[in-house]
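Peer 1: Straight out of TrEMBL:
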ACT_SITE  A:Tyr97  active site, O-(5'-phospho-DNA)-tyrosine intermediate
BINDING   A:Glu193, A:Asp245  Mg(2+) binding site
DOMAIN    A:68-137  domain 'Spo11/DNA topoisomerase VI subunit A N-terminal'
DOMAIN    A:144-183  domain 'Type II DNA topoisomerase VI subunit A all-beta'
DOMAIN    A:188-357  domain 'Topoisomerase 6 subunit A/Spo11 TOPRIM'
2 protein chains.
Amino acid sequence: MDAEKIEIKKKIEEFARKIYEEFEKGNPSFKFIIRGNLKYVEYDPTKDLIKLKKSYGYREFFNLGHTRKFTQTILIAALAKKLISENRTASLREVFYQLRHTIPIINEDTFYEQKESDSVIEDLERTLNIIREKIHIKADRRGYVYGNITMRDRSRGDEWNCSKLGMGGWGVPSTIEEIEILDINADFVLVVEKDALFERLIEERFPEKHKAILISAKGQASRGVRRLIHRLRYEHNLPVYVFTDGDPWGYYIYSVIKRGSMKLSHFSELLATPDVKFVGMTMDDVDEYDLKRVTIKLTARDEKRIKELMEYPWFKKNRNWQRQFNKMLNKKIKIEQDALAAKSLEFVAEKYLPEKLSNPDRLLS
Amino acid sequence: MDAEKIEIKKKIEEFARKIYEEFEKGNPSFKFIIRGNLKYVEYDPTKDLIKLKKSYGYREFFNLGHTRKFTQTILIAALAKKLISENRTASLREVFYQLRHTIPIINEDTFYEQKESDSVIEDLERTLNIIREKIHIKADRRGYVYGNITMRDRSRGDEWNCSKLGMGGWGVPSTIEEIEILDINADFVLVVEKDALFERLIEERFPEKHKAILISAKGQASRGVRRLIHRLRYEHNLPVYVFTDGDPWGYYIYSVIKRGSMKLSHFSELLATPDVKFVGMTMDDVDEYDLKRVTIKLTARDEKRIKELMEYPWFKKNRNWQRQFNKMLNKKIKIEQDALAAKSLEFVAEKYLPEKLSNPDRLLS
C-alpha cells in the first residue's frame with residue numbers, strides 16, 4: 001500500500017476511534033461541512049473558482065433526527081476502509097447494494113434508495129476532506145482520450161500511448177487515481193463536447209498536425225475526465241481549451257470544467273481547472289463564419305437557462321460572456337458544434353480551430 | 001482504395017446513372033424496400049433472426065408526393081460517393097448539416113430536420129443493400145472492449161492489445177469497418193450491459209482468469225459494438241454470452257444483439273448474432289442466490305413492456321423466456337446486475353458468472 005493510502009486509512013480510523021471513544025462519555029457526534037447549493041457556495045474571483053462556505057453541521061447519535069444519517073455515515077466509512085485495505089473500488093450503486101440490509105429487531109433498512117447512500121458519501125468526503133476516488137468509491141465513467149500521451153496504470157502495470165489506438169482512443173475509467181502520466185508530446189489539450197467532433201478531429205489528423213491531446217467529454221464531463229484535465233494543466237503545464245455547442249448547456253459544461261460545480265464545490269481545487277479557455281461555439285462565430293442558416297431557434301427552456309447562467313456570479317461579472325448571452329437572447333438562436341460541417345467536413349479542423357486558437361482575442365475565458 | 005470500396009462506389013454510380021438515363025425517357029424512379037416495423041418484419045425461426053419482408057415502394061421524380069424524398073435520396077447518394085472517394089466518414093448529424101440548404105428560386109429547404117436525412121439514409125441502405133458504415137456514414141459511438149485481443153486500424157496503421165490499456169479499455173468507435181482483428185487469445189466473449197460491471201470484472205481480473213473478451217455495451221449496444229460481436233462470433237468462432245439487468249430493458253438489449261432490431265432488420269445478417277446466449281440476471285437467480293431483498297418492484301411501464309416482449313414471436317415461442325416473464329409478472333419484481341454486490345463485490349466474478357457459464361442448463365437462449 002502506498003503512503004497516501006496508508007494516510008487515508010489512518011484518517012478513517014481516527015474518525016472512527018474518536019466516535020468510539022465518545023460512546024464511553026455519552027453522546028458521540030461528528031462535525032461536517034454542509035453541502036453546496038447556491039446558498040452555501042461562494043465565488044472566489046481571485047482564484048476564479050466556486051468554493052464552499054465553511055458552514056458546519058453536526059450529527060449526534062442520540063438525537064432521533066440524526067441517528068439514521070449518523071449510522072449510515074459509519075457504515076460508509078467502514079466500507080471505505082475495507083475497500084482501501086482490499087485495494088478494490090466500488091461504484092455508487094455497488095456501495096448502495098453492499099450496505100443495504102434490514103437491521104434485525106428494529107426491522108429498519110439501512111438505506112432505502114441510492115440517493116441516501118450517495119448523499120452520505122458526499123458528507124463523508126467533506127468531513128474527511130478526501131475526494132471519494134481516494135476512498136475507492138467512484139462515479140460513472142464517460143469520455144475518451146486521443147493523442148501523444150503515454151500512460152501507465154499503476155495497479156496493473158500496463159503502459160500505452162493514446163495515439164496508437166486507432167480511431168477508438170482510450171476509454172477514461174471512472175477513477176484515474178491509479179493512472180500515471182509518463183510522457184506527453186503535445187502543446188495543448190482540446191476538450192470537445194461531442195464524440196462526433198472527437199472522431200472528426202481524429203479523422204482529420206488534427207492532434208498530429210497541431211500537437212494536441214484530444215478529450216471527448218461526451219456531454220457534462222465525468223469526474224474522471226475533470227481530474228484528468230486538472231492534472232494535464234497543473235502537473236504537466238499544458239494549456240486547455242474547451243470546445244462545446246453554442247447553447248447554455250455547452251456553456252455550462254465549460255463552466256463546470258473551469259470553475260467546478262456547486263455540488264462538488266468543496267473539491268473545486270482538485271476537480272476544476274480555472275484557467276481553461278473557451279474556443280467555441282460563440283454567437284460571434286455565427287457572424288464571422290456566416291453560419292446563420294444552420295442556427296437553431298432557442299426553446300423556452302434554453303431562454304430560461306441562459307437567464308440563470310447570466311446571474312451566476314462568475315458569468316455576471318464577465319462582460320464578454322454577458323455579450324454572448326445577450327446576443328443569443330436578442331437573436332433567439334443557438335448553434336451546435338456539428339453545424340460547422342455545413343461549410344465542409346474538414347472546416348472545423350482546417351480553418352475554424354486553427355484560426356481561433358492562434359488568435360487569443362477570440363477566445364473567451 | 002480497396003476492392004470493396006471500389007465495388008460500393010460503382011454501385012452508387014450505377015444507381016445514379018440509371019436515374020440519369022431515365023430523365024431522357026420521362027419519369028425517373030427507383031425501387032426501395034419498405035423499412036421495418038412490426039408489419040413489415042418477420043421472424044425466421046430456422047435462422048432465429050428478425051428479417052425484413054420484401055415489400056417494395058417506389059419513388060418517382062415527377063410525382064409531387066415523391067419529389068422531395070427522391071431529391072433527398074440523390075443528395076445523400078452523391079455525398080456517400082464523395083465520402084468514399086475522400087476516405088472520410090460522417091456522422092448522421094454531419095450529413096444533415098452538410099446537405100441542409102435552401103434551393104434557390106423555389107426557396108425550399110433540402111432537409112428541415114435530421115429525422116428526414118436519417119430516414120433517407122436508411123432507405124438508401126436498403127435500396128443499395130449496403131450498410132451505412134460501408135458508405136462511410138456512421139451512428140453514435142458507445143462501448144468499450146477489454147481483453148487479450150490484438151487489433152489494427154487499417155486506416156491509421158496503429159496496432160494495440162485491449163488487455164494492455166489499464167482499467168480504461170479501448171473505446172469502440174462508431175464504425176469498426178477499418179478494424180482488423182489480428183490475434184485473439186480468449187475462449188469466449190462476455191457482453192455486459194453496464195460500465196460499472198465492466199470495471200468490476202476488470203478489477204477482479206475475470207478476463208485473465210477465464211480467458212474472456214469483455215465488452216461493455218453501455219445500455220443498448222451501438223452499431224459498432226454489434227458489428228464487433230458479430231465478427232468475434234463468425235470470423236473468430238468465439239461463443240458469446242450476454243449479461244444484463246433482469247428487467248425488460250435488459251432482456252431487449254440481449255434480444256437486439258441476438259436477433260437484430262426491427263428498424264435494422266434488413267441487415268440482421270450483418271449486425272445480429274443469433275447464437276449468443278443469455279447468462280443473467282434471471283428470476284431463477286433471485287431464488288438460487290437468495291437475492292429477494294435486493295430486487296426492485298416493477299413499475300407500470302415495466303409491466304407493459306414485459307407484456308409487449310412476451311408477444312414478440314421470438315420470445316413467444318420460447319418456453320424458458322415465457323417462464324421468466326411470467327415469474328416477473330407474478331412476483332412483480334426485477335433485479336439489476338449491480339445487485340450481486342449485496343453478496344460481496346467479488347461474488348459476480350468469483351461465483352455467479354463461473355457457475356452459470358459452466359452450466360449450460362442455466363443459460364437462456
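Each Cβ is built from the backbone N, Cα and C atoms, and glycine gets one as well.
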Peer 1: Name the recorded positions, out of A:Tyr97, A:Glu193, A:Asp245, that lie close to chain B, meaning a Cβ-Cβ distance under 8 Å, keeping sequence order and answering 'none' if none do.
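Peer 2: Qualifying residues, whose Cβ lies under 8 Å from chain B: A:Tyr97.
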Peer 1: Counting across all protein chains shown, how many other Cβ atoms sit within 10 Å of the Cβ of A:Tyr97 (active site, O-(5'-phospho-DNA)-tyrosine intermediate)?
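Peer 2: A count of 23.
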Peer 1: If you count other Cβ atoms within 10 Å of each one's Cβ, which of the binding-site residues A:Glu193, A:Asp245 has the most?
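Peer 2: Counting Cβ neighbours within 10 Å, the top one is A:Glu193.
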Peer 1: Can you work out the mean pLDDT of the predicted model over the domain 'Topoisomerase 6 subunit A/Spo11 TOPRIM' (A:188-357)?
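Peer 2: A mean pLDDT of 95 is what the predicted model shows over the domain 'Topoisomerase 6 subunit A/Spo11 TOPRIM' (A:188-357).
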Peer 1: Under DSSP, is A:Tyr97 (active site, O-(5'-phospho-DNA)-tyrosine intermediate) helix, strand or coil?
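Peer 2: Reduced to three states, the DSSP call for A:Tyr97 (active site, O-(5'-phospho-DNA)-tyrosine intermediate) is helix.
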Peer 1: With Cβ-Cβ distances below 8 Å as the criterion, list the same-chain residues six or more beyond the ends of the domain 'Type II DNA topoisomerase VI subunit A all-beta' (A:144-183) that contact it, or say none.
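Peer 2: Residues 87, 89, 91, 133-134, 136, 138, 195, 198-199, 202-203, 207-208, 211-216, 218, 222-225, 227-228, 231-232, 235-236.
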Peer 1: Between A:Tyr97 (active site, O-(5'-phospho-DNA)-tyrosine intermediate) and A:Glu193 (Mg(2+) binding site), what is the CA-CA distance rounded to a whole number of Å?
Peer 2: 32
